[in-house]
Amino acid sequence: MVTTTTAPAPARPSTPGTGRTKKGRLPRSKLPYLLLLPAIALELLVHVVPMVVGVWMSVLELTQFQIRDWSAAPFVGLDNYKATLDVNGPVGKELLHSFWVTVMYTTLSVGLSWLFGLFAGVYLQRPFPGRSLLRTLFLTPYALPVYAAVITWTFIFQRDTGLLNELLTTTGLADDRPFWLIGGNSFWALLVVSVWRSWPFAFLCVMAGLQNVPSEMYEAAAIDGAGFWRRLKDVTLPMLRPVNQVLILVLFLWTFNDFNTPFVLFGGSAPEQADLISIHIYRSSFITWNFGQGSAMSVALLLFLLIVTAGYLLVTNRRREHA
Amino acid sequence: MSRRLLAMTAAALVLAASITACGDDSEGGSGGAKTLTYWASNQGSSLDFDKQTLQPELDKFEQQTGIKVNVEVVPWSDLLNRLLAAATSGKGPDVVNIGNTWSASLQATGAFIPFDDATIGAVGGKDRFVPAALAAAGAPGQPPTAVPLYSLAYALYYNKKMFADAGISAPPTTWEELVTTGKKLTKGDQWGLAVEGANISENSHHAFAFGQQWGGEWFDASGKPTFDTPQNVAAVKRYIDLMAVDKIVNPSNAEYAQNQSVSDFANGKAAMLLWQAAGNAFKTQGMAADAYGVAPVPFPATTPAGGKKVNSMVAGINIAVFKHTKDKDAALQFVKFMTSDAEQVQLNKVYGSLPSVTTVSGDAAFQAEEQKVLASVLATSAAPLPQVAEESKFETLVGTAMKELFADAASGKAVTEDAVKEKLGNAQQQMGS
């Protein structure tokens, strides 16, 4: 990411050996690489080194006995991975469960966020009085600090004093006060908070993407007698494809790795029905002090996300080429 | 043009390097005056309150010794992670507070100076400290990894007015009595007992005390986990049954993890509470000291086979010195200061805890009903949590299993012996990895 944003424009083609290579002056062709150096150094420092360290940790038996001197940690090869990925063992079974919960959660959250974002974006495309007010309002959840926003949701979801149950019981929708932060409902509570937090981002991206759709296309479609759904299907969505491609990928990665929402909502140990993988890994390494195993889980997760991302980009790019 | 860019890049790099170098330097803080960094745990109502409580004492220490102490009060939710980070990097504070249940786990990292005979001699000697508290400062047979600073124990807190209104004259001394009393006091919006069902460490503390009473051990002599023994299953089931079977606990408590049970008790929503040194917390919630009574935590009416007379863990805060400190002598001087008679009286009085040294237990500051009960529990019927390196795992796994059992109980699912055994068995399996 860093390299692409800070990379200078490619150097103008210059015939090698010529040009003004006076004393003390670098050849033109080397300058771009030199300018890239700080970015590469930072990229290495911020992304690559921690990742490599993570991989290294994952092949060690790293517990509290060795954290002061990692070189003393016994090399265990793939043992951590074996324990992690053995779905019949207790560790693997829990991880697999947590993985499926996360897949469900991500699919629903990304799908709903995208749908909300799309429809809000489309409806706010044409100017009307109060449009900018609505736009601002819709973006509020995205602008709030995560902790403050999610802790408010925990208050809303509390069984005895929460706003939600107050609403449900006074309107007669529920006789008994259900639990939202423990048991089966906790999954849905988590999903609601997640969608609430991420749909404004989808809205923002769709809104930006729609600026590029020429209004003539809608006019032409309207003249041809296309209704709302037809215009959405044949004009809006195709024009939004490049935006959607990135948007869905980013939402997927963010949601799959989301740590803050469950951590604040459930306070460090999520109920099993909402045991997202990020929290699960945190519990497996930090709280139980088994850093090697936590790293093995993280590396496995990283590989999974890489494969999904690569597959996704491959499929969507191919489709675009065919289109 | 390119030369200017180069020069600018170089300048930026030099600047960046010098900034990081500065960061390194300030860690040491050496030079003329000695400086120590101290991470204190959060003992009072807020981080600010603690800072204001500690600062005058640290000033006193600086006057006496010329050593300046920079204190940072670290919230409990961060403390362990920060300690681990400091242990890993070999950088950070000189002196720290640690929860005493972490003692053996942290001891295993080897990051702290062991208090062998010579070292403990430098802070006043072994005999100065309350024996039960010192026993919770590291694995048996090894020099302690810390010395006790504040001591705490569990007690049964009860609402005097509710007891009087229901015609109950004395607090329960057995679990059977507690259930009968609780049933009498459970009516309308009021419940007999409040528990912190989703708080993992609270759960595990109760698992330990109940386990002791039912003759269970969580680790065998060789340090292997023994979670799902019949004794431990019976003990955990007894605790969960207070909600599941006896129905004297509001099912809502299954989601409590932010000390809501303390608020419920202080606000008259529950008549009883099992907690460690809760007096200060009640005070912040506006409950007067004469509104509640304090009694030892009950025992079973008939002692189960192998059951021990234990009704609390030895709870408390220890103070430890990192091996990476640049000035061990100054750090030990500070530990000696914090465990001195004057400071023990002053700080424990403010925090509502008990002194960890034997010399000041008779002080007027510790003669209130609450402190007397806690002191007698600590002296006669408290035991340290298992001092094994895997202790923190035990807290996490067993505490989580109990949280799930409470969730089941709250949603009306039957919590059978088999269900408890299965959860504890699962937790034990995860220890092995």
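Count begins at 1; order follows the chain as displayed.
For all residues, glycine too, the Cβ spot is worked out from N, Cα and C.
If you look up TrEMBL, you'll see A:1-18 marked as compositional bias 'Low complexity'.
Taken from TrEMBL, the feature domain 'ABC transmembrane type-1' covers A:99-314.
The region 'Disordered' annotation in TrEMBL covers A:1-25.
What TrEMBL records for A:33-57 (among others) is transmembrane segment.
The transmembrane segment feature in TrEMBL is assigned to A:99-124 (among others). Residues 131, 134-135, 138, 187, 190-191, 194-195, 198-207, 209-210, 232, 236, 240, 244, 247-248, 251-252, 255-256, 273-277 of the same chain lie 6+ residues outside the transmembrane segment (A:99-124) yet bring a C-beta within less than 8 angstroms of a C-beta in it.
Among the features that TrEMBL reports, transmembrane segment is placed at A:136-156 (among others).
Note on the transmembrane segment (A:187-210): residues 101, 104-105, 108-110, 112-114, 116-118, 120-122, 124-125, 135, 138-142, 146, 149-150, 153, 157, 180-181, 236, 239-240, 242-244, 246-247, 251, 254-255, 258, 261-262, 265-266, 270, 273-274, 276 of its chain, located 6 or more positions outside it, place their CB under 8 angstroms from a CB of the stretch. Per TrEMBL, transmembrane segment is recorded for A:187-210 (among others).
What TrEMBL lists as transmembrane segment is A:239-256 (among others).
Long-range Cβ contacts of the transmembrane segment (A:295-315) within its own chain (Cβ-Cβ under 8 Å, at least 6 residues beyond either end) map to 51, 54-55, 57-59, 62, 80-81, 83-85, 95, 249, 252-253, 256-257, 277, 280-281, 284-285. What TrEMBL records for A:295-315 (among others) is transmembrane segment.
Away from its own ends, the transmembrane segment (A:239-256) comes close to residues 102, 105-106, 109-110, 113-114, 117-118, 194, 198, 201-202, 205-206, 208-210, 212-213, 217, 277, 305, 308-309, 312-313, 316, 320, 323 of its chain (Cβ-Cβ under 8 Å, at least six residues beyond either end).
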